[in-house]
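Database features, via TrEMBL:
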type	residues	note
DISULFID	B:C28-B:C38	disulfide bond
DISULFID	B:C67-B:C83	disulfide bond
DOMAIN	B:120-218	domain 'Fibronectin type-III'
TRANSMEM	B:222-244	transmembrane segment
Amino acid sequence: ILKTTYIFILLFIWTRLGLPSPLRPICDPRVLDRFIKEARDTEFAMRSCSEGCSLAEPLSVPLTSVDFAIWEKGDVSEQAQEVQSGLWLLAQAISAVRVSITSTALHSLLDNSHSNIHSIGQVIRSLNFPEYTPPADGTVHEDTWRVSSTLELFRVHTNFLRGKVRLLLSHAPACRRDST
Amino acid sequence: MMNVAATEMLCWNAASLLVAVEPEDPKCFAEGMRDLTCFWEEEGSRSPDDYAFTYMYQETNEESSKCALTAQSVGGSKTRYICRLPSVQHFVPLDVSVFQDGRLIYNRNLLIDHVFLLDPPANVTVTQTGEQEQLRVCWLPPALMDMENSMMYEVEYAPTGSHMGKRESVRARSEIILHSLQPDTRYNIRVRAKPDGLSYSGYWTAWAPWVSMTTPPAEMDLLILALCVVISLILILLSLTLLLSYRRFLLKKVWPVIPSPENKFDGLFSVYGGNFHEWLGVGNRGFWWSPTFLLVEESPSPLEVLSEAGFTAPVPVHPMPFKALGLSKKEVEEDERTGGQDSVLMGRRKGKAHPHWVLEQLQSLDQPSVPCCELHTLEPSDTYVSLNYRSQQDSGAMSPLADISEESLPLQVLFESPGTPTSFSDLESVTYSSGSGEISSQSSLEYPYGAWPLKGPSYISMTVTDSGISTDYSHMSWGTTGLGDLAMAYTNEYKNKVPAPRLPPHGHTVYSYY
């Protein structure tokens, strides 16, 4: 018995080390809930934005709509790609907005949103989804939407997190495997 | 048809809820993840074709769509127009417009995932937890995908008959334990649900049906009970310890030892079984008489020796003179002590013809007794020795002669021939009125513990006085009064000398003879 446990421990450690993602799966829904909450606060704050909230150029943002009838039948890895590309787009848009907004209070919110998006990307990577590589030319494969104000931007940002990102994380196979 | 009717009925209840809650028109709600129902109510009963319901999802590339309306009559005059969307999309704003006869009457922008109106929680069960003043409430969460972790619930509970209900909120859990309830009370409980508002939002569901349960009755706190038991045990142990340590003392108090005279009466119980008479009759009498016996021994019985000469009148002389039996040891010692005079006297007595003298005595005794009131004048030259044999202090049947005889052997020998000591007693009995055989003496008067009955006037006591040695005996001369004076005289002397009456040192010993 001692020998078998010893061998098992060795195998376990080796498999652990061999995994591409060293991160442990982050399956706690409260992690994303916090991000969603902060995104909503930022959206509310943007309603009072007066200066610099109009964008000169429309920014591409991901589509947030989810049809559950379709979503439930969809491929998880495709959904993961869709989510990651959308996050990347949002990060790009937020970075662009930050430049034009002069309010320092909003700057902190923007920075927070940007870091949150980055953290969500790490969470997604922890769930063993294939990593998304942004296209070099800046255009995305998936359908996008263009927003022309920061308020719209952050509304999309909130809806995206609430919707697709959350669905992806809550139904991630890595989390399901741990729970079973 | 029936399904539609059932669904419409449900909608009817939901609609009544929404009417109270949602101010905007049209009122829209989603009962699940794939539907949306919108309705509005209008006075009159116009055809739904007069209305147009259009909707469009924003931030998408989709176009607006039209929804088929149905009409329901409500409350008689009103009409409800209902639109059910075939498919919905979440997380995108929905723009709804209602046109009546081409004119826009309602417009609303909503998020479908924010207008959830679900069914009330199902399978509400209330159970006792086993603890005091507690109840556990359980229910099933909505069976919608992705909604199980996004619900919040509200529990309302109140004692039966009371209108003061309390509410408790629960998040993300489908059970709750109610605390601080009244014991032994029946409570009514109901539950309703609502999306928590973070990812999904909506309206409060309808209340689930009331569920009743009684709280357990109040019972004594286990801790207090345990403490009471422990304290009582400790008290019992203490009292037992005290009882055991003072066991003997308490036993003496409660069950006192019956005193037994065993230690005072040696052998009374062990040998004679408590028979006091038997115990007295054997040997132990000495113990009884030992104190007095000693006293008796202490008090010498004087010896009276009557001399042959000097008797003016024949007097019945008690043969006792020779009853040196009455001579106690002490007197013998005194005789010896006083020198040989007494012994000389004795010898003198002995020297005389004792038998002859005895016979004379006997003869005198045979003669009728002469009242003793005659006074004999005592001449100093005369020597009288009167024998006084005094028995021991008892008045028992025991003949004192026997005891005395042991002590005065020399004189006793003289009397052996004439008879046994008992004969003397007989003579005495003749002489003395008392037939008891006892030799009466005045020792009863002289000695407080004596029991000597005074004898009749036949008794004469003679004193022997010396010629001129002492005057102590002046008071010893007895008058004719007889015994009384004698008794008194002797009483005076002997009382002083009790228990060891010392005769004054003189050549002659004065003895009283009774």
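Each Cβ is built from the backbone N, Cα and C atoms, and glycine gets one as well.
Summarised as a single figure, the pLDDT of the domain 'Fibronectin type-III' (B:120-218) averages 89. Annotation for B:C28 (disulfide bond): spatial neighbours B:L36, B:T37, B:C38, B:F39, B:V96, B:R108, B:L110, B:I112, B:V115, criterion Cβ-Cβ under 8 Å with sequence separation of six or more. Cβ neighbours within 10 Å of B:C83 (disulfide bond), excluding its own Cβ and spanning all shown chains: 23. Sequence-distant neighbours of B:C67 (disulfide bond) (same chain, 6+ residues apart, CB-CB distance under 8 A): B:C38, B:F53, B:T54, B:Y55, B:C83, B:R84, B:L85. Remark: secondary structure over the domain 'Fibronectin type-III' (B:120-218) totals 3 helix, 47 strand, 49 coil, with classes taken from DSSP. Over all protein chains present, the Cβ of B:C38 (disulfide bond) has 26 other Cβ atoms lying within 10 Å. Under the three-state DSSP scheme, B:C67 (disulfide bond) falls in the strand class.
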